[in-house]
Amino acid sequence: MAESPVDVLLKGSSGRSARGLLRIIILVTIAAAAVSSRLFSVIRFESIIHEFDPWFNFRATKYLVQNGFYDFWDWFDDRTWHPLGRVTGGTLYPGLMVTSGVIYHVLRFLTLPVDIRNICVLLAPGFSGLTAFAMYLLTNEMSSSPSAGLLAAAFMGITPGYISRSVAGSYDNEAIAIFLLVFTFFLWIKAVKNGSIMWGALAALFYGYMVSAWGGYVFITNLIPLHVFVLLCMGRYSSRLYISYTTWYALGTLASMQIPFVGFLPIRNSDHMSALGVFGLLQLVAFAEFVRSFIPGKQFQRLLTASIILTTGLAFAGLVVLSMSGVIAPWSGRFYSLWDTGYAKIHIPIIASVSEHQPTAWPSFFFDLNFLIWLFPAGVYICFRDLKDEHVFVIIYAVLASYFAGVMVRLMLTLTPIVCVAAALVLSYILDTYLKTSPGPVTRGRSNDESSEGLRSARSPEVGITSYFSKAVTTSAAIVYLLLFVAHCTWVTSNAYSSPSVVLASRMPDGSQFIIDDYREAYYWLRQNTPANSKIMSWWDYGYQIGGMADRPTLVDNNTWNNTHIATVGKAMSSREEVSYPILRQHDVDYVLVVFGGLLGYSGDDINKFLWMVRIAEGIWPDQVKERDFFTPRGEYRVDDQATPTMRNSLMYKMSYHNFNKLFPMGQATDRVRGAKLPAEGPQLSTLEEAFTSENWIIRIYKVKDLDNLGRDHSNAVAFDRGNKRKKASKKKGPRVLRSE
Amino acid sequence: MRSFTTVVTAFCGLVLSSSSIVSAKPTSESNLLPADFKPPQVFKNVNLVRSTNLEKSYARETINVVVENVDKQPQSEYYLSFPSDVFERVGGLEVRNKKHAEKGRLDVEAAEVDAASDFQYFIVHLPEPLAPSSQLTLGISYSLLNSLQPRPAAIEQSDRQFLTYSFSAYVPSAYQTVSQKTKVKFPSANIPDYTTTDLKTGADPERQGTTYTYGPYDTVKVAPGTSYAITVRYEFTKPVITASLLERDLEVSHWGGNLATEERYWLRNNGSKLLTQFSRVDYTVANYQQSPSTAIKELKYPLKPGSVDPYFIDDIGNVSTSRYRPGLKNREANLEFKPRYPVFGGWNYSFRLGWNNDLSSFLRRAVSSDDSYILKVPFLEGPKMGEGIQYEKVVLRVVLPEGARNVRYETVEGSSSNGLPSASQIQASLSTHKTFMDTLGRTALTLTVESLTDEARDSQLVVRTPTFSRHGLQQSLTWEQVTYDYSFWDGMRKPITITIGLFSVFAAAWAITNIDVSIKKR
């Protein structure tokens with residue numbers, strides 16, 4: 001090969017720095033691509049917090065920023081779960097809010113007046129750039145190929161599986177947690193490789209951060225011990241392993257216990273027991289190794305067998321006793337549903353009612369990961385070819401995450417990083433094989449330095465593929481796949497994951513965007529025109545949004561910590577007015593909010609969610625609320641004139657369809673979601689009155705009437721008023737009517 | 001306040017502006033008078049005509065009065081009296097000498113009476129003392145905020161709205177009045193109730209279309225301060241738009257050549273409340289039939305030519321119901337601000353608007369000095385609505401560049417009312433505002449005015465003053481002029497600070513990477 005200026009740049013020490021610079025530029029570009037592909041929603045709509053949970057996080061962040069850290073830590077929120085309230089400071093993962101708060105204060109210190117909302121909206125895209133970088137570091141530990149890390153970073157940056165939870169505005173714990181997950185794994189691998197206390201401590205530090213940020217930290221808590229356990233079983237005990245694990249476990253557990261919500265769980269909850277068990281096991285193994293160096297083999301075998309039997313027996317007995325006595329908490333319901341997908345549906349309807357807790361459909365693997373999903377097994381296979389400690393980690397991670405992703409839609413998120421690693425390993429292997437013209441036999445040696453030196457001195461004969469045709473075919477195929485991947489990711493991100501779901505968009509006949517903004521219309525109405533302490537009752541889905549946008553106390557919200565309270569709301573919604581009204585009065589409810597999509601054909605409305613309310617209420621009051629009563633004798637769920645009397649008398653039905661038929665010509669009222677023609681006579685409400693209905697009727701707010709002035713019950717009062725509509729004016733005039741009564 | 005008075009007394013007939021140097025020490029806004037204070041009876045109102053205009057959502061009154069000095073000494077202080085409950089709601093008070101209207105307004109000062117007296121006073125300082133037995137015609141104009149009460153206070157959504165206005169047949173003057181009459185102009189001919197009086201022979205009021213005239217009354221014998229209650233009730237089909245607070249920020253950037261405006265409104269509809277709750281069905285039907293509604297549906301907001309990057313948001317984000325229609329070249333752009341929901345009587349709506357303008361059309365360098373700048377900006381813009389808007393409080397903040405000194409301001413005036421009260425009613429203060437990597441903080445001039453109406457946005461006549469005519473100042477907005485000093489080095493402060501900051505970061509990074517903290521044996 002002729003010496004050219006480019007070669008000067010690519011070889012030797014200047015070549016190394018040139019490659020380093022190039023690598024940095026590529027990484028920065030990847031991060032930029034990761035950030036910008038998440039900005040679709042900001043460009044299409046606006047800088048707005050999305051969906052449900054982010055609204056709570058946003059509200060909590062605002063509280064943190066306004067009241068300081070200690071007030072946030074001790075925050076008792078009396079504006080949710082009325083009248084119970086919520087110990088918010090002790091029942092949340094503060095990592096996300098604290099991160100935004102720190103960013104906010106740093107910017108304030110630099111006197112940059114950035115709105116806290118914009119920080120929250122852009123936090124997830126910002127951290128996705130960091131995730132891409134962490135992914136680069138992690139993958140580089142797995143492969144000696146220089147391209148693997150960059151490919152993995154690029155995959156991680158734009159793969160929809162991760163974008164689905166990290167678009168701008170999706171201000172949820174996952175926004176920073178995935179970065180922390182990947183980075184903690186990187187630090188762990190680094191620690192295991194080097195047997196370094198520093199890396200172990202850093203891993204513990206980031207593990208602590210992860211614990212503060214997301215409940216999914218349990219995944220790390222179990223994966224790292226499993227990795228260690230498998231290594232032990234493979235007979236790969238080493239002092240490196242001992243140093244890194246003990247450092248990580250001791251410091252990491254202490255760090256995790258600093259979070260009030262976690263507290264003593266690491267030593268009391270079954271979810272965390274494997275980490276503790278492996279910690280003990282590792283001590284035993286270390287002790288055994290220590291003893292082995294002093295005792296001859298045969299005696300050692302006997303000693304080992306005896307001690308293993310003894311300790312296993314003791315540990316098991318201890319576990320059983322502690323579990324029975326209740327010191328160690330049993331597995332949580334969400335955890336059980338990981339093993340038995342039907343568990344939640346039977347025992348905890350509230351978990352099953354959340355769409356993201358449903359099992360994953362097969363197409364969504366391809367939808368979220370595209371061609372990575374079929375590179376993934378190959379990547380795992382590659383790890384077997386070269387089975388070092390870190391490759392064992394990839395394999396374990398891959399197996400576990402695949403299972404979890406199959407069980408719950410949202411756990412696709414934990415699968416995505418390892419798929420990116422595995423796919424990058426394969427693709428870089430393919431590219432290296434086909435692109436490198438003179439790879440020596442030591443390509444996959446310990447480090448790059450040695451191999452290049454060895455190359456130059458030895459001048460080994462060329463090994464590998466030299467045919468330009470096969471090179472061209474393979475690389476162009478790979479490039480086509482990569483391009484398709486980019487196109488797919490962009491398409492998915494833009495079409496599936498970039499809707500704020502608070503604001504709905506549709507198209508006008510001329511193609512321009514038409515925004516349906518009913519949620520904010522109604523929430524802002526509440527915020528501006530009701531007393532600051534009005535209690536709003538709605539189904540729990542909207543609790544966080546009401547708290548965030550309308551700033552009014554709610555009865556239940558997306559935190560779902562009190563199933564009975566939610567069931568109470570479900571009962572009020574699904575019962576007759578005579579039953580519901582006392583419930584409303586007892587809970588100081590001023591306004592009731594329902595979501596109704598019948599006019600617009602918006603299918604995510606309360607009538608469609610109604611059966612879950614019924615089911616959850618039935619779980620607590622099986623004799624008062626019965627799901628069967630809402631189905632017709634033929635088992636249909638109907639809202640038209642065939643609807644069951646229970647259905648038609650339920651508060652939810654009445655609130656949804658109140659006055660709806662007046663919008664249509666006589667007898668023409670049609671529900672566009674359920675495609676049903678409604679009865680000509682609309683439902684009559686007597687204990688509530690319509691207070692506000694948004695432009696497209698998506699949100700309907702009802703005011704709970706006060707007790708009747710004359711002590712009548714409301715249905716009588718309404719009947720009286722209706723029967724004497726003409727007299728209403730004279731009644732207003734003065735006390736004469738009262739006297740005649 | 002002294003500086004201001006000196007300017008006025010040094011009136012030369014050309015300078016038609018009142019100017020104030022903002023000083024750190026608070027100036028006393030009003031003279032405290034004893035509770036039993038009675039203005040000296042040195043004047044007599046020979047003839048008084050009051051015109052009350054009820055076409056907008058506030059009452060606008062204009063009083064033309066011929067004043068005669070009945071004392072033996074020349075007099076220069078004319079007391080204007082208002083009932084105590086009205087006094088606080090008087091907005092944009094302006095007094096002019098009718099004969100020399102182009103000379104600008106007379107100096108008016110609030111003189112609050114100490115205790116809960118029935119009357120409170122404004123003192124009009126006549127530029128030249130009025131000689132005994134000579135006459136002077138004063139034109140007094142002001143608006144009364146929140147003076148219109150909806151009756152009935154609550155109506156059905158589709159009902160028509162009626163407002164009542166109560167006033168005294170005798171103008172509450174501090175002086176004896178010989179003859180007076182009141183003309184009331186209504187927005188429509190539907191006036192179901194009005195007080196009839198027997199204060200004069202013949203029908204009182206005299207009705208002529210939508211104008212009712214009370215008087216003229218011969219009130220020589222009537223003691224000053226006597227009141228005779230009159231209430232009129234008339235149909236008003238539009239909302240009563242009230243801004244309980246308007247915060248208006250104008251931010252000047254020399255580097256960016258940009259004038260950024262942000263306005264924050266706290267709106268309320270003071271019209272009739274809804275008797276029953278809001279019904280969307282009725283609203284949709286009424287909207288379809290285009291029947292008049294008492295709800296605020298839309299605020300039309302003309303923006304000056306060249307306004308760019310408008311935004312309209314409220315506490316929870318973009319107000320997606322609104323539209324911005326950019327104007328063609330050199331034409332006004334239009335912001336059609338539509339609240340998220342129709343704002344019915346008693347409902348609130350708060351929002352903020354903002355846009356940018358090219359600074360060069362507002363700022364020029366002073367002729368006198370290179371480091372001195374003159375900024376001329378509208379005092380109030382606000383929506384342009386047929387029914388008018390009343391502002392209970394307006395806080396205007398002009399954020400000048402970092403390091404601006406010697407800030408002076410004045411409101412530019414023409415020969416007719418500009419809707420603003422006299423300078424003594426405008427509270428001014430200077431503060432610093434730290435933003436965008438400031439070291440010292442920017443100088444911010446805050447002007448607070450209570451009780452304004454959208455009159456302050458319009459003034460009908462062309463401003464023609466020698467001082468400003470060469471700039472072709474033909475505006476329909478009330479302008480405010482701010483002068484300040486700002487040198488080249490003030491402008492360089494920020495780049496230098498940022499450069500030093502970045503270099504220190506690099507230096508620190510370099511220093512840190514060079515520290516060897518390893519515990520290996522060396």
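Positions of Cβ are set from backbone N, Cα and C atoms, glycine also.
Automatic prediction, not curation, is the source of TrEMBL annotations.
Taken straight from TrEMBL:
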- A:21-43: transmembrane segment (TRANSMEM)
- A:22-422: domain 'Oligosaccharyl transferase STT3 N-terminal' (DOMAIN)
- A:91-107: transmembrane segment (TRANSMEM)
- A:119-138: transmembrane segment (TRANSMEM)
- A:144-163: transmembrane segment (TRANSMEM)
- A:175-191: transmembrane segment (TRANSMEM)
- A:211-234: transmembrane segment (TRANSMEM)
- A:246-267: transmembrane segment (TRANSMEM)
- A:273-291: transmembrane segment (TRANSMEM)
- A:303-329: transmembrane segment (TRANSMEM)
- A:365-384: transmembrane segment (TRANSMEM)
- A:391-409: transmembrane segment (TRANSMEM)
- A:415-435: transmembrane segment (TRANSMEM)
- A:535-585: domain 'STT3/PglB/AglB core' (DOMAIN)
- A:718-741: region 'Disordered' (REGION)
- A:724-741: compositional bias 'Basic residues' (COMPBIAS)
If you average per-residue pLDDT over the domain 'STT3/PglB/AglB core' (A:535-585), what number do you get?
91
Going by DSSP assignments with H, G and I as helix and E and B as strand, what are the residue counts for the domain 'STT3/PglB/AglB core' (A:535-585)?
32 helix, 4 strand, 15 coil
For the transmembrane segment (A:211-234), which partner among A:21-43, A:175-191, A:246-267, A:365-384 gives the most CB pairs under 8 Å?
A:175-191
Same-chain residues near the transmembrane segment (A:175-191), Cβ under 8 Å, at least 6 residues beyond its ends:
95-96, 99, 123-124, 127-128, 130-131, 134-135, 137-138, 141-142, 156, 162, 165-166, 199-200, 202-203, 206-207, 209-210, 213-214, 216-217, 219-220, 223-224, 227, 243-244, 247-248, 389-390, 393, 397, 413-414, 416-417
Kindly say whether the transmembrane segment (A:144-163) and the transmembrane segment (A:119-138) touch, using the definition of 3 or more Cβ pairs under 8 Å where each pair is 6 or more positions apart.
yes
Other than its close neighbours in sequence, what residues sit by the transmembrane segment (A:91-107), given a CB gap under 8 Å and a spacing of at least six beyond its ends?
57, 60-61, 64-65, 69, 72-73, 113-114, 116, 119-120, 123, 171-173, 175-177, 180, 209-215, 259, 261, 559, 561
Below 8 Å between Cβ atoms, which of the listed ranges A:119-138, A:246-267, A:273-291, A:303-329, A:391-409 makes the most pairs with the transmembrane segment (A:21-43)?
A:119-138
Which residues, given as numbers and ranges, are at least 6 beyond the ends of the transmembrane segment (A:365-384) yet have a Cβ under 8 Å from it?
142, 155, 159-161, 164, 391-392, 394-395, 398, 405, 412, 415-416, 418-427, 429, 481, 484-485, 488-489, 492, 496
I need to check the long-range neighbours of the transmembrane segment (A:246-267): which residues 6 or more away from its ends have a CB within less than 8 Å of a CB in the stretch?
73, 89-94, 188, 191, 197, 200-201, 203-205, 207-208, 211-212, 217, 221, 224-225, 275-276, 278-279, 282-283, 329
